[in-house]
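Student: Residues annotated as compositional bias 'Polar residues' in TrEMBL: 1-13, 59-90. Among the features that TrEMBL reports, region 'Disordered' is placed at 1-90. Taken from TrEMBL, the feature compositional bias 'Basic and acidic residues' covers 48-58. The feature transmembrane segment is assigned by TrEMBL to 98-116, 128-149, 170-187, 207-227, 351-373, 401-421, 486-504, 510-534.
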Amino acid sequence: MNMSDAQLSSRNPSKPPPPTNHTENNDKDLATQLERAPKSSPALRGTILDRHEDDRVNEQSPLLDSTGSDDNGSLKSVTPLSEQSWNGNNGEETKSSWYLFLLTFAALGLQIGWSVETSNGSPYLLSLGLSKSILALVWIAGPLAGVLVQPYVGIRSDRCRSRWGKRRPFIVGGSISTVVSLMVLAWTRELVGGFLSLFGADPASKGVKTCIMLFAVVFVYVLDFAINVLQAAIRAFIVDCAPTHQQSTANAWASRIQGVGNITGYIFGFLNLPKIFPFLGDTQFKVLCAIASFLMLLTSGISCASIQERDPRLEGDLLEHDSGIIAFFKSLYHSIRRLPPQITKVCQVQFAAWIGWFPFLFYITTYIGEIYAEPFFEENPHMTEKEVEKLWEKATRMGTFALLIFAITTFVASVFLPMIVAPSFKAPPLPAVTPLTPTTPSANLSGSGYFPHSPKPPSAHSKRIWNRFISLFTYFHIRTFTLRRMWFLSHIFFSICMLSTFFIRSVPAATILVGFIGIPWAVTNWAPFALISAEISKRDAIRRGIIRPPATRDGALLAAGEDNAQGADQAGVVLGIHNVALSAPQVIATLISSAIFWALQKPRGTPGDESVAWTLRFAGVCALGAAWLARRVGEEDANGMDI
């Protein structure tokens, strides 16, 4: 009786076990995957077949070294992968400028929505009867939503396995929720008054007015939560869909589009919209909300329809994950502790920088208004309340004009600064064209000879002209002027501008000052997001074998999938945590500014009030702290080597 190989192996320990038939196992896996894949999704089934064919060509992953980990999961010594041992793809497809424009186009509607809320929300709520003290509590909704909503949306979207993608379902849901919130908020008086009138309530009574105010406050919170869902999804969408070497360019496009949104919002604010669009509403706020809602749906729809995400169903099954509020905070805490060092340093800089940015964004209009009104108060310190209100209307318009100059400067800077900043990643070279042979897996031998025929699209010539035009801007790159150094210098420049309030005494000088601050603001809207996005995309590309890992132990662990990030470096959760670093300083800045006002503020209409100027000087000190922290942020050259 013949014994099996397994029996012989068990009787003779010195004999090695028979080799595993990897091809047979792969065929079984292929059958299982095809059986699970829906028949209605030929794209998914085609992707599974392509991956299986690639595995037949090279069953040994280019990322894994034999010293990675043993069968029982214990970690072995990991040696860094050298240039010679790397067999991966070593490159990503370079996307066109048109692709990046469509990818970031949704940010236009988002920014217009933000501008409508921030610039017109306070006057609208005051017109409903809210006091300024209550209004300050209402606007806590912004940082509260930023701290809670964006990390939650980030974690949920990272775990999303919809056939529509990870981010697009949240972009669509966030857009619809924001539009509904905007329109309900704009028509609060009519909705609440009309509903209560059905029960015989007088729309002019105090009780109805109180209900209107409460309803409006509730929907301010709903609006902030909805728009934060949209913002978190759009930011993660950009990170996921842009190649690693184009993360800086993609975020520059997002910054430019946001600048266009700001300018558009300020222009709409200057126009008499009810006269131009009477069919959209009888007040400025109603028409603004209608226009913002239309543009938000339009831009989000174009981005989602034009850009295809990777199918998240191909990323494997999810690990079991507890749900609920407590589980969410635990997950957030562990994610913060496991953040990659580079992202942690960027968040630390942002925390210090935004303590300084919030006083500027909140009070710069008031600062310019006080400079304008100061001579009038000195000339007539006993103005009536009506005269003071009329003077402040003119002063506020002066501040609004300065913000328009600020928005234009921001846009111009966002266009030209990326042209001179040295790229952090070098675009991969085009692959060499090699002939296919009958033994080449998946070779398409149709056409003439072994060379597959790929006809040029009709627009190939125009694309070449456009690419040559874009390549001209690379000549303006300053090699030593890197993104991190520009970010560091922007904090210094912002600090100098804020501390110069000691010497500013005229409205034109203050307007010029605000215009110059548009330069560091453009950098703030671009550099940190680009640095974080590049780090996220680089780590993801290393894991998927698209780019070569750095020649370090950490790089080898990352390539082998044995790093300790455990999902803490995915786009959704990282950008959510980053937004916490932006939102939490708002509370700190509000408390410190309130203390400054309490100590230095004078009665309204009294000359010599410099309390707002001192909050701006405090912002300048915080910017110096951010500059010091920015020196610790890591930096790589175009070849991926640390500088």
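Each residue, glycine too, has its Cβ placed from N, Cα and C.
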Student: Would you confirm whether the transmembrane segment (207-227) and the transmembrane segment (510-534) meet the contact rule of 3 or more C-beta pairs below 8 angstroms, pairs 6 or more apart in sequence?
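Tutor: No, the transmembrane segment (207-227) and the transmembrane segment (510-534) are not in contact.
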Student: What residues in the same chain, six or more past the boundaries of the transmembrane segment (98-116), come closer than 8 Å to it by Cβ-Cβ distance?
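Tutor: Contacts of the transmembrane segment (98-116) (Cβ under 8 Å, skipping residues fewer than 6 from its ends): 171, 175, 178, 182, 227, 230-231, 234, 237-238, 241-242, 246, 249-250, 253-254, 257-258, 260-262, 264-266, 285, 288-289, 291-293, 295-300, 302-304, 306-307.
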Student: Grab the same-chain neighbours of the transmembrane segment (401-421) for me: Cβ-Cβ under 8 Å, and only residues 6 or more beyond its ends, written as numbers and ranges.
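Tutor: For the transmembrane segment (401-421), the nonlocal Cβ contacts are 248-249, 252, 255-256, 258-260, 262-263, 266-267, 270, 364-365, 368, 473, 476-478, 481-483, 486, 510-511, 514-519, 521-523, 525-526.
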Student: Give residue numbers and ranges for long-range contacts of the transmembrane segment (128-149): same chain, 6 or more residues beyond its ends, CB-CB under 8 A.
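Tutor: Distal contacts: 121-122, 188-189, 209, 212-213, 216-217, 220-221, 224-225, 227-229, 232, 579-580, 582-584, 586-587, 590.
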